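Here the structure is laid out as structure tokens; the discussion comes afterwards.
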Amino acid sequence: MESKTLFLMALGIWLQSLTTTRGWVAADDRITGGRDFIDIESKFALRTPEDIAEDTCHLIPGVTESVANCHFNHTSKTFVVIHGWTVTGMYESWVPKLVAAPYKREPDSNVIVVDWLSRAQQHYPVSAGYTKLVGKDVAKFINWMAEEFHYPLDNVHLLGYSLGAHAAGIAGSLTNKKVNRITGLDPAGPNFEYAEAPSRLSPDDADFVDVLHTFTRGSPGRSIGIQKPVGHVDIYPNGGTFQPGCNIGEAIRVIAERGLGDVDQLVKCSHERSIHLFIDSLLNEENPSKAYRCNSKEAFEKGLCLSCRKNRCNNLGYEINKVRAKRSSKMYLKTRSQMPYKVFHYQVKIHFSGTESDTQTNQVFEISLYGTVAESENIPFTLPEISANKTYSFLIYTEVDIGELLMLKLKWKSDSYFSWSDWWSSPGFTIEKIRVKAGETQKKVIFCSREKVSHLQKGKASVVFVKCHDKSLNKKSG
């Protein structure tokens, strides 16, 4: 699998090198700043809602009239977008989308795109080293805006992707006053996993630093995205590794069906998902995705972390609550494979009673949830092991809001292979109650068997459970 991943990454890079786009900027296409800013190579384009794809107007440090010419709004928020490494020296397709989304949410804001394409186009280690110079450029620009125009840094929000996240962090560490916020969008891992805080994104770089980790697969230092927490709040959607719809099998299927044209997008799909999750949070403000603090993704998969007490849950993206703990908090959530990404999380606890002495491993079940608004049927889940007279907790999620839970069905699936023992005598357990906690509402519900006690048998019909208890369940959970 690792060799397939490396092959597809290399293939994606090669395909990128064959493409062209109107966003290309020649290395010698210089925009000269004022006398005190002659060493700044990065360019700062103020894009407009009417022209999200082109750098038509540049804010030039030291040239005050450039700010007026670009119609910079001095009383509104400013989003500063910093791209990452590029093979082609071109803007990637996500840039206009990330420009458009803040304007839809904050119509009077300023969205500035930092162009460091000529430096970002080098071999990766060289471009990684350039993040320090880019960070200095951005800091000088921000300091100039603050000093020359008294622009408040409380209005500045840096959005850095991949290498751009570390450039944003370095910029934040060098401004005269702290900027309001830095959002790191899957900060790059290689060359930064073991770097000291001054050389990478860290919580000290802004008043608040939030980070999305979406492609951390692989050993530390070799994964595309940085694995360790580097902000006040670090969120790991789907465990922070591969994202839904981005797996290698999907890439191979697309190659077979459509040829090589789209494979480069699939290769970087999980890395870029961080950007689209943030865009989603800007566009779908009424339904923010919720993440939950947890010590490990394994504990999260067991449903053990769906608590919102003492800031243990938070919104993903733009509407995040700015919680500044003494140490970084790692948070997890599940998402859909496409926008809107929000899902609804549930912890399910089942006590299996019986006289079976054997331990069953890797058993597949299906659960169906029925609510006041909708239903979600045949949700598969696997328990690594089950044995009699033990309670098991696990996480499930639905892609639709089903409302208040009313009923559920549980089915124990047959093995995919033929088993004489199962054919001769199907194993089973008795289940009296099932406990469910909804992460988004924090409500707990106990379901009872419709027959007082249900006998769940492998490969047999589903058993039905109905709501049986309402008393004092919906207090704040622990």
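These residue numbers are counts, starting from 1, taken along the chain as shown.
Each residue, glycine too, has its Cβ placed from N, Cα and C.
Annotated features in Swiss-Prot:
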type	residues	note
ACT_SITE	S162	active site, nucleophile
DISULFID	C57-C70	disulfide bond
DISULFID	C246-C269	disulfide bond
DISULFID	C294-C313	disulfide bond
DISULFID	C305-C308	disulfide bond
DISULFID	C448-C468	disulfide bond
MOD_RES	Y124	3'-nitrotyrosine
MOD_RES	Y194	3'-nitrotyrosine
MOD_RES	Y346	3'-nitrotyrosine
REGION	246-269	region 'Essential for determining substrate specificity'
REGION	433-437	region 'Important for heparin binding'
SIGNAL	1-23	signal peptide
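Annotated features, which come from Swiss-Prot, shown on the structure.
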residue : record                   : Cβ neighbours (10 Å)
C70     : disulfide bond           : 20
Y124    : 3'-nitrotyrosine         : 14
S162    : active site, nucleophile : 31
C269    : disulfide bond           : 23
C294    : disulfide bond           : 22
C305    : disulfide bond           : 24
C313    : disulfide bond           : 21
Y346    : 3'-nitrotyrosine         : 25
C448    : disulfide bond           : 17
C468    : disulfide bond           : 14
Quick one: give me the count of other CB atoms within 10 A of the CB of C246 (disulfide bond).
22
Rounded to an integer, what is the Cα-Cα distance in Å between C294 (disulfide bond) and C269 (disulfide bond)?
25
Select the closest residue to C448 (disulfide bond) from the following recorded positions, measuring between CA atoms: Y194, C269, C308, C313.
C308
According to DSSP, does C308 (disulfide bond) fall in a helix, a strand, or coil?
coil
Out of the recorded positions C57, Y124, S162, Y346, give me the one sitting nearest to C313 (disulfide bond) by CA distance.
Y346
On a C-alpha basis, identify the one among C70, C246, C269, C305, Y346 that is nearest to Y194 (3'-nitrotyrosine); the candidates are the recorded positions.
C269
Once the chains shown are all counted, how many other Cβ atoms turn up within 10 Å of the Cβ of Y194 (3'-nitrotyrosine)?
11
Compare the Cα of C308 (disulfide bond) against each of the recorded positions S162, C246, C269, Y346 and report the nearest.
Y346
Using DSSP reduced to three states, classify C313 (disulfide bond) as helix, strand or coil.
strand
Round to a whole number and give the Cα-to-Cα distance in Å for the pair C246 (disulfide bond) and C57 (disulfide bond).
36
Helix, strand or coil by DSSP: which one applies to C294 (disulfide bond)?
coil
